[in-house]
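Below is one structure, written out as structure tokens; comments come after it.
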């Protein structure tokens, strides 16, 4: 989280803008929170350049919640969807969708080395008339990001962008639905942003819970049930911070610089390995392996001694992983690269 | 919200207990948040005296989300439940459950004057072998609270206690499931407490979303998906505040005093009317009507001039409503009663 956002939240904790109450104490239907909510929506629409064809909803349940909420909202008339599986998260999405209908794997990025590819559209084997095609546009565990978004004509593309939303501009018009939990680049855990094309709001299954039915949520301006007001407020502060930085083009340039520094270091070395094809390398999550994995514990201990934390890869893939979300400064990546070079020089 | 809770949250925003990071920045699997989470669970268990037979889960979606989540978790083998309808919220619960099975209305507290009763068990017409019996133990809009909880033998009783949880001791052993959204007495909106008897964890429907399946959530200690970490932290601060106050007996005594003051004022007057039977009068939400409703606007304007806000009754019932949750001090109720007497003296 950007420090200035946290400072502002602390300053306003007991009294928001002279209202005499903190945001946590506001009624979600009162004029103060209505303003916070409206501004958050407007700022997000501006930042992501969300076209008028798409609504922005605030839900609860995160990306994993959406694994069920998406089919519950889109399987109404066509209970079959296609999945492009590029890593652990899209795999989970496909599995959960099986509860509600057919979930066809149209393509997989899995190779003998794990999930290392984002298959291009030419390799997708779509089923006949699917309700939608699902894609996780950034896979945190495997470090696979999808940059090329194909045009699927009438088939809605649904993207789980939880872990890289707001890291770069995205052409929202290409997506039927784009969603993201807040805990990576948006703010605090507890709110899920769902951007949905309006014509997709009438496709829910009768068993879709009202609180998670996009049509119902949209008709009530995300206030069908009490929204996670404080999480929306914090997200709004982050949106304003992103605007002050200059918007998503500037943020993208920073993220490109941070990622390049790390990947260049890995590529220039025989000591570190990243297995992901270059065109699909994530700018948010950089997994890498030591060629000699017996040195893993040493590497992590040395990193910890320098304050470089949370570098251990996910247990399902092993190795290392650097997560360099928006709020991670370039200096932190420089410090990591410095350490990696020194560790290599000492042990290679 | 208690002011000292807000002050502590503000103080710890950038640095929780010398960890160098704020709670919003913590990984939900890191040792710092694990401690916050574990303490919140322990404190709540102690405050509510939750027996070892029951698990405490933190979910998302609030009371309205649970309207679907409850049947999705309990309709596994017996797709029929009974509902005791004592107001607008239990009515909504019954309607939502129809999506997943049969939802039989076993009793209603509705009279010509609106929802004014909590029918005793002798009046419940239970169906044959229901999956559960649902009750909303405090109805905010209608001001109906249920104090007598019957023993239903093998039939699990499910209670929506969203709006009065932590306002008084409750005998958790009597409930199969007791749940509550956080925004009234627990803390900030965005987390739902679900207390569920362990033997009820194996009754979910196959279509239950994993993120909302109690069995899955319980098996993962409420961390199957990223939990609403900050909302859990704030709830934990409120639990510690309640313990510092002396626990729920003390809180109950305060709430009894506040409610008595208000009901006594209403009962002593022919100017104000409360329609709820005495044994079911809510201690949290006191709806009342002016005998002469043409004075409603005057009453509200005078109240506002004294800083007595949010007194307008819900649009579905009209009149007035004083919501006097845990955090509302006795002084505020005294100020309201003072104003009511003056207004009456002037206009009666």
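Note: Cβ is positioned from N, Cα and C throughout, glycine not excepted.
Automatic, uncurated: that is what TrEMBL annotation is.
What TrEMBL says about this one:
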| type | residues | note |
| --- | --- | --- |
| BINDING | B:29 | L-glutamate binding site |
| BINDING | B:89, B:140, B:160, B:183, B:225, B:226 | pyridoxal 5'-phosphate binding site |
| DOMAIN | B:2-336 | domain 'Aminotransferase class V' |
| MOD_RES | B:184 | N6-(pyridoxal phosphate)lysine |
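Filtering of the recorded positions B:140, B:184, B:226 by Cβ separation from chain A (threshold: under 8 Å) yields B:226, ordered along the sequence.
Of all Cβ atoms in the protein chains displayed, 23 besides its own lie within 10 Å of the Cβ of residue B:226 (pyridoxal 5'-phosphate binding site). Here the C-alpha separation of residue B:89 (pyridoxal 5'-phosphate binding site) and residue B:184 (N6-(pyridoxal phosphate)lysine) works out to 15 Å. Taking Cβ-Cβ distances under 8 Å and a sequence separation of 6 or more, the neighbours of residue B:160 (pyridoxal 5'-phosphate binding site) in its chain are B:63, B:66, B:89, B:90, B:93, B:134, B:135, B:136, B:137, B:179, B:180.
Measuring Cα to Cα from the residue listed as 'L-glutamate binding site', the recorded positions that fall within 10 Å are B:226, out of B:184, B:225, B:226.
Within 10 Å of the Cβ of the residue listed as 'L-glutamate binding site' there are 10 other Cβ atoms, across all protein chains. Here the domain 'Aminotransferase class V' (B:2-336) returns a mean pLDDT of 96 for the predicted model.
Secondary structure from DSSP puts residue B:160 (pyridoxal 5'-phosphate binding site) in a beta strand.
Residue B:140 (pyridoxal 5'-phosphate binding site) counts 24 other C-beta atoms within 10 Å of its own C-beta, drawing on all protein chains shown. Straight-line distance linking the Cα atoms of residue B:225 (pyridoxal 5'-phosphate binding site) and the residue listed as 'N6-(pyridoxal phosphate)lysine', rounded to a whole number, equals 24 Å.
The two recorded residues residue B:140 (pyridoxal 5'-phosphate binding site) and residue B:184 (N6-(pyridoxal phosphate)lysine) have their Cα atoms spaced 10 Å from each other. Counting Cβ atoms from all protein chains shown, residue B:184 (N6-(pyridoxal phosphate)lysine) has 25 others lying within 10 Å of its own Cβ. Neighbour count (other Cβ atoms within 10 Å of the Cβ, all protein chains): 24 for residue B:225 (pyridoxal 5'-phosphate binding site).
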